[in-house]
Structure formats: C-alpha cells, structure tokens
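As written in TrEMBL, here are the features:
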type: DOMAIN; residues: A:46-145; note: domain 'FAD-binding FR-type'
type: DOMAIN; residues: A:264-349; note: domain '2Fe-2S ferredoxin-type'
Amino acid sequence: MSRALKLAAVAGAALLARRALRGRIARSPLWPLPALDTPVSGHSPRRWLPALITSRTEPADGVLMLTLESPELPPWAPGAHVDVQLPSGLVRQYSLCGDPADTGRYTIAIRLIEDGRGGSREAHAQLVEGAELPVRPPRNRFELVPSSSYVFVAGGIGITPVLPMLREATAAGADWTLLYGGRSRSSMPFTAELAAYGSRVTLVPEDEAGLPDLSALGATPPGTLVYCCGPAPLMNAVREAAPPTAAVHLERFTATTPTTATSRPFTVELHRSGRTIEVAAGETTLAAVRRELPDTPYSCEQGFCGTCQHRVLAGEVDHRDTLLTDQEREDSMLLCVSRAQDDHLVLDL
Amino acid sequence: MSNTPHAPAPVASEHIELKARNVSFGWEDTPLHWLPGDPFATHTINVLHLLLPAGERWFVHVYKQVLPYVKDEQLRADVVGFIGQEAMHAAAHDDVLPHLKRLGLDPTPYTAQVDWLFEKLLGDRTLPPGKARHWWLMERVALIAAIEHYTAFLGDWVLNADELDRRGADPVMLDLLRWHGAEEVEHRSVAFDLFMHVDGGYHRRARTWATAFTALVFLWQRGARFFMENDPELPAAKASLGQFFRAGRQGTLPSAGAMLKSIPTYLSRSYHPSQEGSTAQAVAYLASSPGANGGATA
C-alpha cells in the first residue's frame, strides 16, 4: 500500500472516531461514567414525601378515608402499604385502598380505635383537608400473585388492601369470592362499592349474622389462592380452616410496640460468633454486644445515625428508634436503642 | 509505622470530643437559585449534594471495616464520632436531592453515576482475605484522608464566607452548609490521624492525594456543567472557568489561589490538619445552628 493511501486511511478513521465520540457525548452528556442501575442517592426509602390531604370522608362509622396527593408519589400494586407520619411524629402503617392507575394519588382508610395506642385518635382528630401528611414510599408484603381463582377474606378495616385486589382480579378475568366480616353493617366501609360485584361478595355483620363461616374454605381447590387481612383471630381461623396444602397469604397489621420506659433483661445469641450474651435491664443491647465484640460499629447511641443497624435472624424486636423504615424493621434493628420484645434475639454477628 | 518515623504533632488545643448531632432541615421554602442572582455559584456549591450522599456513605462503609485496626482508645472514640457525623451529613444532603427534582432539576442521571463510583469502583471488590484486601482498605483510608483535607478546607471557607450572607443566601441552605462545614472543621484531624495510625506511608499519601484531587476536579466541573445545562430556569446557560475565577474573587466561591495553596500544605511532611481552621469557631457555630439544635428551620 502506498504511503498516501495509508495516510488517508488513518485520517479517515480518526475522523470517523471523532464523529462517533461527539455523537456519543451529544446523546448522553454524562458519558463515559457508568451509572448504578437502581440509584441510591436521593432515593432513600427513609425519605418522607410531602403529600397533601385533598379529601376527608367517613365511609362508615368510625372510619376515616383520606385522599393524599403529590406528583412525587411512586406507583404501587394492590396489597401495598405506606408509613405515615402523624403531626405528633408518630409513625403508622396504612394499606393503600385506591386505584393504582390513579397516579399521584393515594387513598388510605383509618379505623378509630378508642383504646389503641393513640395513632388513630390523632389521625381522626387532626388530619383535615388541606393539611400536609408526610408518607414514605409504599412497600408490599401482601402481593397479589397472578392466578385464575382467589378466595378473599377480610375482617373490618382489613378490607383496605383487599379492595384494590378485587379490582385487579376482576380486570384479569379471575374467578373470586370475598367473605367480608365486621361488627355491624354501618361500621363496614366500602359496602356500596362491593355491592356492584353482586353474589361474589358475602357480607357478614356480626350483630346480624355472627362470625363469618369459614367452613367452605376447607374445600378450596388446589391452585386457588387465599388472601386474608383482618384481626389476628380471624387470620388464625383462616389458616386452620384452609387445607394444609392451600396457599394462604396473610397481611399482618404489624403492631409496632409502644416505646415503654421499662427495659427488661433478655438474652442475645450471636449467631456467627456462636455465643450467647445477657443484656441486663439497665444496659443497651449495644453495650452487651460490645463486651463480646468490641469492634462492632456504632456511633450516636441515640438511634438516629443508623451505624449500629444489624441483621436480626430470629426473635421479635421492640424497635425504639425513629430512623428505620417498616421494611428495615422486618429483619434488622438498631443495637443502641432497640431491645427484645420477648426475652431472646438472634443476631447475625 | 512505615516511612514516617516521626508523625507530625497535632495542635492539642484543637482536639474535642466528637458526637453526631441529630439535625433537621425543612426544604419547602428554598428556591432553586438559593444564592440570589448567582446561578453559577449556586450550582457549583450544589455539586456537594451530588457527591456527598454517596461519598459519605462510603466513608462510613470503609471506616466500619477499619475499626478493628485501631489500637488507640482516643482515636477509636474519634473514629466512632466521625462515623456518626458522616452518616448524618450523607442523609442531610440526600434530602436536598428530591427537593431539586421538585424544582425541575432532576439530579438522578448524575447521582446514579456517583453511586456507581462509590459503590462499585471504590466498593469492597471480591478480593482474597489477606494482603490484597488489606492493601485496598488502606488505599481507601488514605483516599478519605485526602478528601477530608478538602472538606475541611471547604468547611473553613463556608464558615467565613460572609459574602453569602450579604447576598441574601437562603438561610436553610446556608445552615446546612455551615453545620456540615463546622463538623468537618471539628473532625478535620480524624481521617488524617487514622491514616497515620494504620499506615502513614508518605508515598501512599501523595499518590492518593493525586487521585482524589484529580477525581474531585473532574467530578466538580462535570457537576457544575450538568446543573447549568439542565437548569429549567436558564435555557442557554453554560458553566465556564471565567465564572469560577470571578466568583472566587467576589467571595461567593473559594478562590483558585487558596485552592492551589492547599496542595503543598497537604503534601508537606510536617502537615497536621489541626494546624488549619478553628475548632472554636466551628463549635460556636454548632451551638447556634438552627438545624443542629433540634428544630426544623422552615
């Protein structure tokens, strides 16, 4: 090959490369650094999204229904719930009962529990139209698994996560029935909407018909999925009544324990180190753990920095921090402030 | 250890017990151009919100691993305090990002790259236990010491940047920057002391300084350009070096001269962070900071 040809080929290649590079940068100005697929910064599940209460209604006796709006509210699927921060700082979980297709809008329903821990009383008294209500991004541990047939059982306010499921199951053309129990007809929300589903829905107000009859659950055919949300006795009864092989999905209303001043002693099993330690009444879990494992990371010792968050393998935790999300609380705790609910915890340490 | 037999002496009076502060900032009323009339300086400082959440989470991640190497009780207490302060910084800056998105300037394309940088490129990597893993940990500890030299420099600058007050900067943003800056000044010796304690090699110190400095310049100019080009209120804006020098002269950004002077400072063998900045000034600010004293400042 002649020299001139070589030169022309190199020049041509350089020109093409330059054009390709410019085109690449024009298409994406932040080239060439790769990006993390699921961004972390600015997307913390702990962040509070400011939402506005745009309507407040009472769909049944003692039930408050709120519509929250904000362009930032992420999409969700039936069965999801959100953390809500009440004006006093109390954090409570409520299922979303609106329409997932209605983007930018969440609907929650709150039953007033007079002798409860105060969250529902505060909500009923203070959450008015036009007020701001911070919510955390939704999460779902009660997902509707696709199937051709379902049996839904709801007790009282437990209807809330089930309601969007009925809509989705109907839209998918699935075969379903709903057994919906409550104290009295006037205290059961959404009965008007449910009436549109006709004979698929069985309403069982306790003052008229007693407790719902779960015996039919025993004949649940294989492949039919059972979804139940309501008080613990109802869910236990559903679990017992359904055939052992049936897929039963339960939504537990996690009762986050009240922060009590009393601190009882308990034991902690350090799973990886294979040791069991005693936590005295007057000391923190962190202090006891650090006696065995002095290099355990920690910092603020007041439950806000998150450094001492550790995985919990077994045991119920009495969470006393205000930092962790509902999801994080399922399998982790802050050693500096939180303790065992009962008398034993197993930590992945 | 290694090739610095006589570590530089810290200024003892500048030492203070470190403790994380539980802060709270309300962003509802902060405008996009929180430094009125100066979008370039606003956005150049805003780059902090892009880099710090991922960066300071990474500091915490690395320091949790280095705790077992700390044999000095005083230093260990300092590192423990440092970790909590850094975790709070990361979370506080992270909260600004959704607010920027609300104002029409979505930072995610940029922050997702910073996330990659700190979580993947500078992450733990699958190294065999032993020499390789130890080397990588020490390299990162040295990188953090070099970066902390600059955070302390910026912290000292922002505590003394009276021009920001004169121009009517948003009080909440200024409080975030000064609370953060003051804690950086307060704990400015920890990263350096830790590095000197676990390694202290001068070659490593110089090498990681060069890496950190280059990366910071690259990321910062890129961040400022990113913000200026995507600012919804400024369709044709561009970032330029000229604007940077001008802002430095006016006092709305650190001056280029001061930045250049900080290079030989860090590379000097007798350097110790306690020789620069004032703990008393930092502590005085922290005592009066609205965000660091419990209240949302909305």
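Every residue, even glycine, has its Cβ placed from backbone N, Cα and C.
Sorting the domain 'FAD-binding FR-type' (A:46-145) by DSSP state (H, G, I as helix; E, B as strand; all else coil) yields 8 helix, 44 strand, 48 coil. Confidence for the domain '2Fe-2S ferredoxin-type' (A:264-349), expressed as mean pLDDT, is 93. Across the domain '2Fe-2S ferredoxin-type' (A:264-349), the DSSP tally of helix, strand and coil residues reads 14 helix, 27 strand, 45 coil.
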